[in-house]
Amino acid sequence: MSILDIHDVSVWYERDNVILEQVDLHLEKGAVYGLLGVNGAGKTTLINTLTGVNRNFSGRFTLCGIEAEAGMPQKTSDQLKTHRYFAADYPLLFTEITAKDYVSFVHSLYQKDFSEQQFASLAEAFHFSKYINRRISELSLGNRQKVVLMTGLLLRAPLFILDEPLVGLDVESIEVFYQKMREYCEAGGTILFSSHLLDVVQRFCDYAAILHNKQIQKVIPIGEETDLRREFFEVIGHE
């Protein structure tokens, strides 16, 4: 079952500077997709379009049956927001509230109940328990990233989008995140994250979508025998 369908999407910042051109991509429910591309390929631009940050686009995409296109009504935009959650590489958070209050606040925006018990359990897994009542302004970059990731894992939006999600995380936290990410997908969620780390995508993703020359050139199912490095450099033409 498809959770996200991107059809013929072109994106620009100025009309004479097209970043993406006629992009097509389909994400299935319950899978992890890695979005790969060299620096400047347009990974963040595509994510910003899917999350509503950038509205200079043509074509359309459909998320959970809700069709999005340029100039869509505010009601449609609001509906889309409740079906996705976005974690940026350098999160912008309300710094003068506590981590727990932030997670609770985001739940209220999504009109979902906040479970202190589930939050406490997840915080323990991330070795974050002693920070839950600290102001976000007092947290390191890595711990701020944990707040964003825990929020997404608890919300269970149908689509969880991440842009370089490992920034600031230690090795143990990365392993915890990927374990929880798998549980998220087993429960029916879909994850799309951009990365320039081939080894990370190879290990943790079900599919890799390679963005090059303004388009998704190839979507590769990842298995034990997949040589993602070879596949990637065959597409971009050099190593």
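Note that Cβ sites are derived from N, Cα and C of the backbone, with glycine treated the same way.
Residues within less than 8 Å, Cβ to Cβ, of Ala41 (ATP binding site) and separated from it by at least 6 positions along the same chain comprise Leu211, His212. Taken from Swiss-Prot, the feature ATP binding site applies to Gly37, Val38, Asn39, Gly40, Ala41, Gly42, Lys43, Thr44, supported by sequence analysis.
Annotated domain 'ABC transporter' per Swiss-Prot: 4-238, in sequence order, evidence recorded as sequence analysis.
Under 8 Å, Cβ to Cβ, and six or more positions away along its own chain, Val38 (ATP binding site) finds His196, His212, Ile236.
In the three-state DSSP assignment, the secondary structure recorded for Val38 (ATP binding site) is coil.
Comparing the binding-site residues Gly37, Gly40, Gly42 on other C-beta atoms within 10 angstroms of each C-beta gives the minimum for Gly40.
For the recorded ATP site, residues Gly37, Val38, Asn39, Gly40, Ala41, Gly42, Lys43, Thr44 set the reference point as the centre of their Cβ atoms, and the other residues of that chain within 8 Å of it by Cβ are Thr45, Leu211.
Under 8 Å, Cβ to Cβ, and six or more positions away along its own chain, Asn39 (ATP binding site) finds His196.
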